[in-house]
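**Q** Sharing the record's features from Swiss-Prot:
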- Cys134-Cys140: disulfide bond (DISULFID)
- Cys209-Cys331: disulfide bond (DISULFID)
- Cys507-Cys510: disulfide bond (DISULFID)
- 452-592: domain 'Thioredoxin' (DOMAIN)
- 166-186: region 'Disordered' (REGION)
- 1-24: signal peptide (SIGNAL)
- 200-222: transmembrane segment (TRANSMEM)
- 234-256: transmembrane segment (TRANSMEM)
- 271-293: transmembrane segment (TRANSMEM)
- 314-336: transmembrane segment (TRANSMEM)
- 356-378: transmembrane segment (TRANSMEM)
- 391-408: transmembrane segment (TRANSMEM)
- 412-431: transmembrane segment (TRANSMEM)
- 438-455: transmembrane segment (TRANSMEM)
Amino acid sequence: MAQRFITLILLLCSVLLAPHSAQSSLFGENASFGTKNSQSRFIPVDQAFAFDFHQQGDQLNLSWQIHPGYYLYRQQIKIVPQQAALGAFTLPEGITHHDEFYGEVEIFKQQLTLKIPITQAAEQASVSVTYQGCAEAGFCYPPETRVIPLDVVVAASTASGTAAVNSSATVNPPATTQPEGDATPVPSTLPFSPLWALLIGIGIAFTPCVLPMYPLISAVILGREKPHSQRRILILAVVYVQGMALTYTLLGLVVAAAGLQFQAALQHPYVLIGLSVLFVLLALSMFGLYSLQLPSSLQTRLTQWSNSQRGGSLAGVFAMGALAGLICSPCTTAPLSAILLYIAQSGNMLAGGGTLYLYALGMGIPLVVVTLFGNKLIPRSGPWMQYVKEAFGFVILALPVFLLERVLGDVWGLRLWSLLAVAFFGWAFVLSLKAHAGWVRVCQLLLLAALLIVARPLQDWAFNGNTQQNAVKHINFQPVANLPQLQAVLAQAQGKPVMLDLYADWCVACKEFEKYTFSDDKVQRQLANTLLLQADVTANNAEHATLLKKFNVLGLPTILFFDSQGNEITAARVTGFMDAAQFLQHLQNTPAVTK
């Protein structure tokens, strides 16, 4: 017994006193051990985000079981139907997660369930579901796309604003899914509620091209007959407004119906960018850079038709209102065009007709007041009307930001909103300098405070952007686009070891590698004799999938090392984030990669 105990003590001492090389021999190479441990701690994407679906009649149920220590990005979930139309749905609120590079984002942990109504589905209809997530330990998976076949669902009625789906057409439902490249579902309503449409119409009535015309229009409505009672005056004014509203409503329905036929095309990023440019041009006209209106010959003819109607009669007043809806002044052309373009892009007939009706109703309310009470309740004309017109220019500028947010993502969307808000508050502050009342000083302080607050995203972008640029300016990667190009570069490496960094914009840890690891002087000196390659797989296309599959890459960041013969040194592979000290030690423990 004593002999066994002494033998055990001697064996333990020999292990503790063994040199470093002996330890490596006992446990295997240190880099290899670390790599195996790193590989084993990350699970395949199907296990990290177990996805399931089932259809119950006209409802599609989607569910994700999220493994502990992993999370899904809310903004990276998109639903795109093929030969089907989906009803309105919204993603549940996620958990706020602060990201150094993307700011405040929302994520899902543990479980996510979506219930999506199907308004119609043709034969061989399907829905593609795309999602993307990461591990908390610093590892991100490429976006996953699953195609779900749908059972046939017959639309309840075509009058509800949803067109029938034929067997060859691809219809993206309005206000339910993203265009290609977008990150989050499109809201189920227009960005402006019906109340906003009404308020915009009222505001347009106080522009310099509209308000001075109301007394004249009021006189035309009443005609030259004997004085009317207040009740009769109210009826005539309301009938005129309803005639004008009818024209706008029909215009909204026609444009929305046309947009519905081209819904898929109107969701394309290039189309969204084109619409955004048009909105910017329309907004510039509100700032007085140029004037938009119907040709003068057409306006003259419409005015003659309107004047030929007999004032004071219900039919004549209604006809005058309908024709007035077609006569656009320079102050109303740009807002009306912006609303029509957005309605066409949304493709929602109910929202299109309703929005234009409320817009016309808003423009008509001041006219009813003028007709009933004269000019007593209407403010005097002055420079303030031009300021109202310019303010609506900023309202129109909000529409391109809303559309570009779908193409550029939430991060750039936040920066654009910040830029627009800075411009608006700056404009308002400059206008306030023209006033000298005491209370205006308080408004100026509030405007300055608001200006500083809304400028924060731009400040973060500027300073972080400069920091990142300075951090990575000394690292020099040679880009490779696909597997054949990589193989060609490896064949021409001239006996040098090669490091391949697999990078993507959606990989947060990849950006951390750039900022904190590759920027380190010691790391750069260690890699001085290594050929540095980088493959940007952000698009996650077929070529990228082939490259990742070739090397059995689960996700990013992943860094591969190749010897002088072009063979991967599997023991040196890095999976997941390493800071500069850890990565430097990894390189030093694997001399073959930096010799």
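Cβ coordinates are placed from backbone N, Cα and C, and glycine is handled just like the others.
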**Q** In the same chain, which residue numbers or ranges, 6 or more beyond the ends of the transmembrane segment (438-455), come under 8 angstroms Cβ to Cβ?
**A** 418, 421-422, 425-426, 428-429, 432
**Q** Taking the transmembrane segment (271-293) as the reference, which of 234-256, 391-408, 412-431 gives the largest number of Cβ pairs under 8 angstroms?
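**A** Per the Cβ count, the answer is 391-408.
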**Q** Looking only at residues six or more beyond either end of the transmembrane segment (412-431), which have a C-beta under 8 A from one in the stretch?
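**A** Sequence-distant neighbours of the transmembrane segment (412-431): 103, 387, 390, 394, 397-398, 401, 404-405, 444, 447-448, 450-451, 454-458, 461.
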**Q** Rank the disulfide-bonded residues Cys140, Cys507 by how many other Cβ atoms lie within 10 Å of each Cβ and give me the one with the fewest.
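**A** If we count Cβ atoms within 10 Å for the disulfide-bonded residues Cys140, Cys507, the smallest count is at Cys140.
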**Q** Across the whole of the domain 'Thioredoxin' (452-592), what does the mean pLDDT come to? Round it, please.
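**A** Its mean pLDDT is 87.
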**Q** Work out the three-state DSSP category of Cys134 (disulfide bond).
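**A** Reduced to three states, the DSSP call for Cys134 (disulfide bond) is strand.
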**Q** In whole Å, note down how far the CA of Cys140 (disulfide bond) lies from the CA of Cys507 (disulfide bond).
**A** 6
**Q** Could you give the number of helix, strand and coil residues in the domain 'Thioredoxin' (452-592) as assigned by DSSP?
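**A** Tallying H, G and I as helix, E and B as strand, the rest coil: 68 helix, 23 strand, 50 coil.
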**Q** Based on DSSP, name the secondary structure state of Cys140 (disulfide bond): helix, strand or coil.
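**A** The three-state answer is strand.
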